[in-house]
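A.B. asks: Got a structure for you, written out below as structure tokens; questions coming shortly.
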Amino acid sequence: MTAYLVTVAILVCEAALIGLALNFQWGLAGLVNFGVVGFVAIGAYVTALLAPELGWLPAMAAAGAISAALSTGLALLSIRLEENYLAIVTIGFGEIVRLVILNEEWLTQGALGIADIPRPFAALGEAFGGDLVFIAFTGALLAIVFLGLEGLARSPFGRALRAIRDDATVTAALGKPVFALRVRAFAVGGAVMGIAGALHAFYLRYIDPSQFTPIVTAYAFMAVIAGGRGSNVGLLLGAGSIMALLEGTRFLKDFISAIDGVQLSALRLGLIGVGIVLLLILRPQGLVPEPRRRVADVLPGGRD
Amino acid sequence: MSAPVLEVRDIAKRFGGLAALDGASLALQAGRVTGLIGPNGAGKTTLLNVMTGLVRPDAGQVLLSGQDVTGLATHRYAALGVARTFQIVRELGSLTVLENLLLAPRRQSGEGVATGLFARPKWWREERANAAKARELLERIGLWKLADQPSAGLSGGQKKLLDLARALLLEPKLILLDEPGAGVSPPVKQELIRLIRELKAEGVSFGLIEHDMHLIGELCDEVHVMAEGRNLVSGTFREVIADRRVVEAYLGVAA
């Protein structure tokens, strides 16, 4: 049971990392990205290929950097386009990544996948129990990313992104370099998705293309919608609730004997859908509103 | 006389088969309120969009204090001191009233990824200074008590005032207003007139598109009339409204 809880905790952290990244791109800056899973996969494969040679930290840094670079490239190509086109381009990107990984066997070993990916602090893990050390590592990683993205969201940079999301023309008329800001927002999100991919590779220690299906992207969107667009705190709650629903419903079969495993897995996805619909009816703005700069934050004495 | 704050020369712009602008020229002098009037479809808003870089002209030049800025990106115009408001109010609805104003100031050091994260003390100082200016402006236009409200909840007139206040925080040399009086209640209109006069006295230049002749007559030192994408008549408000061609442009020529 402990092992299972550990698994769930790490899955929640990974989902939260991916969700935070999407929340930055889409929630804050209004840039829709349906190719999330592509960036995560790139992060995971870069890590799997480089970690045995270079060690975990350079591999993870490379995962973030390469994913950010590809995000920048994709953004430069397509962000001038309207939101709908960006959606199409990113869907295409996610699919291209999957196909390249599947077919370029010299690099990725195709459908066989890559095994024996070393974990960070492996020696420490053997001394204290591998899962404990890895959970601490995962938690620290999530905390660092959260603090960084939350700091950015509350900075003038984040405010400019929110303004672009509301109305790009007005923001440009106010002298903000809309295109450059959008590209940067997309790159930051891409970097975090790459790091999430690195975590994925470290945890499973074996990756193959079947782990990177579009459902990963869908979960990230669910977490952002449930948490409230633009709110990182909400995102953590959102990712937590989505994973709780996803994992919690596994135990339905202990209570309902009339359905078999296949039916159950379909039912679980259905239940998550119902959960999202209920949430959108009862709380359309999401669980937590995005952070705003209040008078009391910047002026002593507040509004008096 | 010194170079005009903003000048456009022989601007042409076609949208498909429609010639929105066809050789329009206009000079806005420093420290004055210049009105731009004309019947619907005369090309006033398109000309304003050209003057702020939102629309790139097919031909012609845009000069800012004598310097050619034709074809620069929109955000560069604001950086060079041209602010504008929009005909249909486009507030940044999910930002609070205060945040709308805090967004505007130029050269904020917290607007990059690295500086946003690591130069916090610096941009917090700027933020406090800007907030003090924002407070002064909000008190002036009577929106201070709504400072923490999302701007989507403001009334039409309040949004227009917020739009103007936001433009002011750019500390522009020139403010271009696209129908500031449209859909605004009489008291707010009085408020607008008062505000524009005060700002003019402080040295800000204005360009004003308006259909409300009362507002034009009250504010403008000089009025240009446009029709069919071209200048028709220029002069003081009295001269212009007395001109037969202007009456014809508005009402159509009697056969």
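Count begins at 1; order follows the chain as displayed.
Cβ coordinates are placed from backbone N, Cα and C, and glycine is handled just like the others.
Note: TrEMBL annotation is automatic and uncurated.
Residues or ranges marked as transmembrane segment by TrEMBL: A:6-24, A:31-50, A:56-77, A:84-102, A:132-153, A:185-206, A:218-246, A:266-282.
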A.B. asks: Count the Cβ pairs between the transmembrane segment (A:218-246) and the transmembrane segment (A:132-153) that lie under 8 angstroms and are 6 or more residues apart in sequence, then report whether there are at least 3.
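C.D. replies: Yes; at least 3 Cβ pairs under 8 Å.
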A.B. asks: Which stretch from A:31-50, A:84-102, A:266-282 shares the most C-beta pairs under 8 Å with the transmembrane segment (A:56-77)?
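C.D. replies: Between the stretches A:31-50, A:84-102, A:266-282, A:31-50 has the largest tally.
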A.B. asks: So which of A:6-24, A:31-50, A:132-153 is most in touch with the transmembrane segment (A:84-102), counting Cβ pairs under 8 Å?
C.D. replies: A:31-50
A.B. asks: Where among A:6-24, A:31-50, A:132-153, A:266-282 do we find the most Cβ pairs under 8 Å to the transmembrane segment (A:185-206)?
C.D. replies: A:31-50
